[in-house]
Structure formats: structure tokens, C-alpha cells
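Written below as C-alpha cells is the structure these notes are about.
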Amino acid sequence: MEDFEDDPRALGARGHRRSVSRGSYQLQAQMNRAVYEDRPPGSVVPTSAAEASRAMAGDTSLSENYAFAGMYHVFDQHVDEAVPRVRFANDDRHRLACCSLDGSISLCQLVPAPPTVLRVLRGHTRGVSDFAWSLSNDILVSTSLDATMRIWASEDGRCIREIPDPDGAELLCCTFQPVNNNLTVVGNAKHNVHVVNISTGKKVKGGSSKLTGRVLALSFDAPGRLLWAGDDRGSVFSFLFDMATGKLTKAKRLVVHEGSPVTSISARSWVSREARDPSLLINACLNKLLLYRVVDNEGTLQLKRSFPIEQSSHPVRSIFCPLMSFRQGACVVTGSEDMCVHFFDVERAAKAAVNKLQGHSAPVLDVSFNCDESLLASSDASGMVIVWRREQK
């Protein structure tokens, strides 16, 4: 990975969604350093000492745990236009949202039966490329090909604010800063990432940086100190995020594969005795799902392994399973252009495939688990959203 000029940065701040003291950030930084600098050789999964956590999840193998009973529900309100993103609300079992290239966002409720579309958010004049739930699920932020981002109230579907892209470019992705939900990062078609204060609607000073291509994917680490951004030229950049000011400092660059668009980045920080390596999951139009180890505090990446999928042109996304730290082995889930949802065990040396769900009639673009993994949602290029029910043991 390439190095960029270092820049001093503060670590203390307080966001309006969480009240956290400076001492807490210093402790978190110490924990991160302990993980990065004194990490034994190993993996992203629990150590042999994780018996208590595995007991919470049940004594089942990954294959048994990720067996599915079939389709719970199919949402077809966006048929004929791709649904690039589907997401369950944070820490929620039954609330789901999806965005469509038809320019709208659907908020759905899965219980009580039958599952229903609560409301459809309309206002964007072109396709919605991405959206994100705030930590408390009261706000959604969306980005669109109409060169605007919108802030929505999830309770009544009201558009609180429309914010034009600073460059007047198509907006392609977004993510909330995980500690301070006043700040959102967006990526656009003019190769720029911008940190935006959604309360004021203004770009944060020093919160912009240029990549080598159209910005397609963004992900923070859990403490919100590191941001990764991927572009359509095959590069992933890491940025140091100043918690006090929102300033971005470019740190490292990894060329995953020259000319292969990076369509998804998912970060998972393991800063506990039971799980050792912070990791990044990346889709990059290489017919592979890539798992990287984060090796230092500046976001340097080292390839751990890859898994075969079909992806050569569509913006396919993948996720870590929410409860992967609680059982033997660790599972990731990805969409694929073969119209299937694939599950892989990141620790199994051979035959890593755990399960495959078939039911879509178009490339599967995104996947999302609810908080207890009882339901999985997947969306495809034809506008179909399928909610799958896991078998109950």
C-alpha cells in the first residue's frame, strides 16, 4: 500500500447520538494499539477461549446455523428497476428499508403479519444509489444520481433537508460517522469524498479528498477513526478521521486490481480477547469476494483469502454476519451475478462454501441480516427484495 503524508489528529469528541468522554477514546485507542501491535498470528474469529460466547449462540456448526427454511416474504414494489441497497434498521428484527433506481425508498415492517410497506419516500428525481440508517433509526440519509443527498425522518417519511453535492456530481454512496451521526460521508462521480454536516447542510472544512475514480463504496471502522473508500478504478484508500473537526487525512492506498470497480467495503473491528484481527470485506468485479486483514492504525490492508463468486460488472455487496464472533468459525454473506446468495466460512481451509440461497431471477446486489440473524434480506437487479427465514433449532 502507498503511504501519504502524516498529519496530527485529535481523538476526542462528542457526537449528539452518543455521549463519550475523551478518556473513552484514549482507552479505545490503547485497545486498538494492543490489537495491532501485539497481535498473535491468527484470524478474525474467536479464540479457543470463547466458550461462553459460543454457548450464547448454540452448539451448532456454521452449516447448521445458516440453514434457511425458505422465503418469508417477497417485496416487489420496485420491480423493473434495480434495488442496489437493502438494510435492516440497527438492532432491529423487523424493520427494513430498500432504495431503488426508480428514485424512491421503501420502509417496510415484517411483523405483525402480513409484512407491509409502511411508506415510500419520494423526492429524488433520479435513481437512489445508496442510503443509511442513523444509529437510533430516526433518520435516514440517501444519495442519488440527481446530485443531491436527502435527510428523511423515518417516523413519518418527511424530507427534512435536501443537500446538493458540492461538485454538482452524481452521488453514489454514503455512510454515517458511527460516533457522531451529525456527520455523513458521501462519495461522488467526480472522484471526491466529502464529509457533510447534516444539521447545517454544509461541507466540513478539510473534510474532502480526491480518489482516482468514481467513489462507489465507503466504510468506517467501529470507533469511527478510520474510513475506507473504494473507486471504480480498483483502488481502496484509507483516511484518518479527525474526531474533533471532521477533517480527513489520506493515509494509505491499495490497488485491489487495476480497472476493477470496488463495489462494496464492509469493516469489522475485533478489539476484544475473543477476536483478534480487524478485517475488511471487499467486492471488486473480480469474480471473487476478498477478505483483508487491517494490519496497522493507518488502515494498511493485507489480503487474507478470497472466495469464488460471479461478479464482473454489477455493483454487488457483501456483509459480515452480525453474530459471527459468538460461535466456532465465522461467516460472511454476499450477493452474486449467478442470482444466488452465498455464505462462506472465512476460517475453513477447504470447501469454504456454507450455503447458497436460490430464488432470485436477476443478479443479487445486496444482502442484510437483522440483528439476531433470524431473517436475511436480499435485493436484485430486477427490483425484487426477498426476505429469507432461518431454520429454528
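Going from the start of the chain as shown, residues are counted 1 onward.
Glycine too: its Cβ is placed from the backbone N, Cα and C atoms.
Nobody curates TrEMBL annotations by hand; they come from automatic prediction.
The region 'Disordered' annotation in TrEMBL covers 1-24.
Note on the repeat 'WD' (121-162): residues 17-18, 81-82, 84-85, 87, 89-90, 92, 95, 97, 99-107, 168-176, 178, 181, 184, 186, 188, 196, 198, 201 of its chain, located 6 or more positions outside it, place their CB under 8 angstroms from a CB of the stretch. Annotated repeat 'WD' per TrEMBL: 121-162 (among others), in sequence order.
Per TrEMBL, repeat 'WD' is recorded for 357-393 (among others). Long-range contacts of the repeat 'WD' (357-393) within its own chain (CB-CB distance under 8 A, at least 6 residues past either end) are made by residues 58, 60, 64-76, 78-88, 90-94, 96, 98, 100, 102, 110, 115, 314-319, 321-323, 333-341.
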